[in-house]
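*Asks:* Okay, these came from Swiss-Prot:
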- 8-43: domain 'EF-hand 1' (DOMAIN)
- ASP21, ASP23, ASN25, TYR27, GLU32: Ca(2+) 1 binding site (BINDING)
- 53-88: domain 'EF-hand 2' (DOMAIN)
- 100-135: domain 'EF-hand 3' (DOMAIN)
- ASP113, ASP115, SER117, GLU124: Ca(2+) 2 binding site (BINDING)
- 144-179: domain 'EF-hand 4' (DOMAIN)
- ASN159, ASP161, ARG163, ASP168: Ca(2+) 3 binding site (BINDING)
- 192-227: domain 'EF-hand 5' (DOMAIN)
- ASP205, SER207, THR209, GLU216: Ca(2+) 4 binding site (BINDING)
- 235-271: domain 'EF-hand 6' (DOMAIN)
- ASP249, ASN251, ASP253, LYS255, GLU260: Ca(2+) 5 binding site (BINDING)
Amino acid sequence: MDSAFLKLDAAEFLEIWQRFDADDNGYIEGKELDEFFCHLLKKLGTNAITADKVQGVKDRFMSAYDITADGRLQIQELANMILPEDENFLLLFRRETPLDNSVEFMRIWRKFDEDSSGFISAVELRNFLQDLFLQHKKHITGDKLDEYTDTMMKLFNRNKDGRLDLNDLAKILALQENFLLQFKMDASSQEERKSDFETIFAHYDVSKTGALEGPEVDGFVKDMMELVKPSISGVDLDKFRQILLNHCDVNKDGKIQKSELALCLGLKANP
């Protein structure tokens, strides 16, 4: 779609998003989606808008832009649909491959939570965006950077406290489903549990050192805790991380060896 005809900037995009994501759940879906496409037809100057016309344009655009094929529009999908490319700051977060590992997510989190407060402040978010623009070799004025920072805060800061938490950043980066959800440890035999453990450890041991350290521990803790508490804060994560290290890090080297984690879980790991 040639979205330039709408001549939108980031602030106007925010206004459209907030208007049609009426229930503030992070998606435009159902009746909201129909109302959005009706609005789009009016913007295009379409006369005599009918339900069939709305359905037709909806089918056409959803097949092109609903990347996740879930019948609803996420923020990034809507931005791709209606923002001109030079205004689509969300393109900065587009990745060659989906972010499907919490280890990489936590590496990003630790980098930009500069003061280790458990939150990303507006200043830290501004630095985050500036860093992304530099990575993409794009020049941006200070005023434009401020505008994008403000828009990002309003789009993703769900509780309106002026700072982003883990869940806000997960939405921005489109973090994939929790890796641990596929495992049902309680219903498994001992052999199945050992096999699952090997798969799980290999997933989080991104560096392949035989030990979890730094963001590898963070990623494991995040996914493990979110099995029982779907939305944890950065502060909660740091607490749970320290509890896990106190319990499992027998040799106190700040890492969790494969054998140490197996012992904590009542298993014997393969060498």
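Glycine residues also receive a Cβ, built from the backbone N, Cα and C atoms like all the rest.
What you see is a predicted model, and the numbers here were worked out from it, not measured in a lab.
Buried or exposed, and what's around them? Tell me for each listed feature.
*Replies:* Outside the domain 'EF-hand 1' (8-43) by six or more residues, the chain places 49, 53-54, 57-58, 61, 71-75, 78-79, 82-84, 87, 89, 147-148, 151, 154-155, 158, 171 with a CB less than 8 A from a CB of the stretch.
Within its own chain, GLU32 (Ca(2+) 1 binding site) has PHE20, ASP21, ALA22, ASP23 as residues 6 or more apart in sequence whose C-beta sits under 8 angstroms from its own.
Away from its own ends, the domain 'EF-hand 3' (100-135) comes close to residues 89, 92-93, 145-146, 148-150, 152-153, 162-166, 168-170, 173, 175-176, 178-179, 203-204, 206, 214-216, 218-220, 222-223, 233-238 of its chain (Cβ-Cβ under 8 Å, at least six residues beyond either end).
Within 10 Å of the Cβ of ASP115 (Ca(2+) 2 binding site) there are 10 other Cβ atoms, across all protein chains.
In terms of DSSP secondary structure, the domain 'EF-hand 4' (144-179) contains 21 helix, 2 strand, 13 coil.
The C-beta environment of ASP168 (Ca(2+) 3 binding site), restricted to residues of the same chain at least 6 apart in sequence and closer than 8 Å, consists of ILE120, PHE156, ASN157, ARG158.
Here the domain 'EF-hand 5' (192-227) has a mean pLDDT of 92 out of 100.
Classification of SER207 (Ca(2+) 4 binding site) by DSSP places it in coil, neither helical nor stranded.
Sequence-remote contacts of a segment are chain residues at least 6 beyond its ends whose Cβ falls under 8 Å from one of its Cβ atoms, and for the domain 'EF-hand 6' (235-271) they are 116, 118, 166, 190, 193-194, 197-198, 201, 205, 210-213, 217-218, 220-222, 224-225, 229.
Note on ASP253 (Ca(2+) 5 binding site): other Cβ atoms within 10 Å of its Cβ, all shown chains, come to 12.
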*Asks:* Of ASN25, ARG163, SER207, GLU216, which binding-site residues come within 10 Å of GLU260 (Ca(2+) 5 binding site), going by C-alpha to C-alpha distance?
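*Replies:* Matched binding-site residues: none.
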*Asks:* Would you mind listing the long-range same-chain contacts of the domain 'EF-hand 4' (144-179), meaning Cβ under 8 Å and 6+ residues beyond its ends?
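*Replies:* 9-11, 13-14, 17-18, 24, 26, 74-76, 89, 93, 95, 98-102, 105, 108-109, 118-122, 125-126, 129-130, 133, 200, 203, 222-223, 226-227, 231-234, 237.
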*Asks:* Determine, using Cα-Cα distances only, which of these binding-site residues is closest to SER207 (Ca(2+) 4 binding site): GLU124, ARG163, ASP253.
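*Replies:* The smallest Cα gap between SER207 (Ca(2+) 4 binding site) and any of the binding-site residues is with ASP253.
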*Asks:* How big is the gap, in Å, between the Cα of SER117 (Ca(2+) 2 binding site) and that of ARG163 (Ca(2+) 3 binding site), rounded to a whole number?
*Replies:* 11
